[in-house]
Amino acid sequence: MESIVLYAVGLFQVWFTPYAKVEESFNLQACHDLLYHGVNLTKYDHFEFPGVVPRTFLGALPVALLSSPILHVFHPSKPVMQICVRSSLWTLSFLAWLYLKRTISALHGRDTSVWFTVVSIVQFHVVFYMGRTLPNVFALMLVMLAYSFWMQNRPKVVISLLSFSTIVFRGDTAVLFAPILITMLAMRQISLLATIASGILSTIIALATTILVDSYFWQRWLWPEGEVLWFNTVLNKSHEWGTYPFHWYFASALPRIMLATALLVPLGATSLGTVLSGSKNVRGMFEALRTTTFVDGPTCQYFIPVLVYVFLFSFLPHKELRFVLNAVPILNFVAAVGVTKLWRNRTKSFWPLVLALGCLCATLAGSVVFSLASHANYPGGVAFHRLHKLGASFEHTPKTVHLDVASAMTGVSRFGEQYPAWTYLKTEGLNASADFATVDYVLTADPWHPSKQEFEVVDTVDAFDRVDAGRLAIVQKPHIYILQRKPSQV
């Protein structure tokens with residue numbers, strides 16, 4: 001039952017915030033092209049807008065395959081189809097999460113798996129991202145499966161999954177792979193020879209798969225993630241996207257992801273959970289701490305390698321919250337173990353459990369704020385949708401729409417192009433009125449657009465600016481302007 005609630009929450013997030021930002025654009029456009037153009041590669045978006053580095057199609061392929069029956073049977077509109085595509089991605093992510101949950105239930109108890117689900121439900125970021133077409137999300141699916149097999153003591157499968165994730169989706173999965181592999185070797189779960197053999201075989205299969213498939217779609221021989229690694233490491237270009245200090249993941253990213261559930265992690269990683277719930281007073285608690293092993297070994301064998309992963313990842317200057325999503329399933333597992341300790345001893349001491357439930361409620365409240373803020377953070381997508389409503393009477397009339405960078409980065413996608421008779425332009429560097437001589441509509445973040453003499457603002461889309469804690473409100477400000485050519489200029 002609790003798993004169904006989580007699945008419903010994920011579907012709600014997809015519906016509530018249906019648009020995608022630029023980081024998600026490649027896989028989303030790839031799904032669009034696979035669904036609407038099939039083998040006609042000449043119409044694929046990535047040839048016109050290849051991006052800074054190439055990306056693999058191996059993530060978009062299963063998502064498009066799962067979504068295609070909806071398109072061919074029900075023929076929904078393109079915006080609805082975008083929601084269907086993201087729902088398919090969420091479903092695949094959820095199935096990987098569900099397998100991890102069932103593994104936790106089998107090995108650590110049904111109650112632990114229930115609390116694992118509750119912790120996942122009240123948080124925002126992981127559920128939100130699991131339905132978004134990011135390379136990190138495809139990697140996260142394999143990582144969650146790898147965690148499951150790690151708990152089942154099946155190291156060869158772990159090596160295969162993490163190797164495939166590293167080679168195909170995110171090269172930085174290797175930073176997680178290393179401490180997990182060292183842990184498995186140290187605990188004699190696998191021999192060094194078997195590790196090398198499994199690693200080589202998995203790498204060959206992953207490389208062959210991505211090179212063959214992606215070379216077909218890109219129409220040149222390439223290893224996409226290899227080019228990404230070259231760009232980010234050898235050329236050291238990743239810092240151009242912004243940098244954060246070493247402590248940022250521990251001091252900002254993970255606290256935002258976990259919110260108050262972070263307070264439950266020490267209860268699972270140590271004996272604090274058992275001691276708190278089993279002691280009737282402070283004196284008894286300190287007595288128990290002196291006679292109890294402080295570290296929870298069965299939990300820390302998973303917790304410590306993940307902490308090492310985040311620590312190692314912190315050395316990379318370019319940081320984003322989504323880069324450490326791989327750590328969250330294990331952190332949630334450890335938090336769930338902590339709550340389970342309190343739950344099992346609730347008859348001895350009830351107040352620690354009440355405080356833990358308070359942490360869960362506080363996290364849920366924070367997640368509601370995050371959801372509302374994210375909903376208001378895709379003005380380009382909202383403006384694109386409104387534009388088609390405004391121009392509905394010209395659906396079959398040839399019109400030209402220009403989309404500026406801000407619009408394209410905040411929600412515009414091929415799925416939003418609803419009218420085949422219209423032409424959509426993303427040409428950059430247009431600065432003079434003459435550049436817009438053939439344009440009928442403009443989506444722009446600039447109210448003082450160079451073509452303002454010939455165009456008029458017909459709508460304005462507000463977007464997230466900040467959270468007003470005093471009024472408990474999401475503050476928005478104008479972000480995207482919809483311009484239409486003045487009647488006298490038509």
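Positions of Cβ are set from backbone N, Cα and C atoms, glycine also.
Heads up, TrEMBL stuff is auto-annotated, nobody curated it.
Within the listed segments 52-71, 112-131, TrEMBL records transmembrane segment for the stretch 52-71.
The feature transmembrane segment, as given by TrEMBL for the ranges 81-102, 257-278, sits at 257-278. Remote same-chain residues near the transmembrane segment (190-213) are listed as 56-58, 61, 155-156, 159-160, 163-164, 166-168, 181, 184, 221-225 (criterion: CB distance under 8 Å, separation of at least six residues from the stretch ends).
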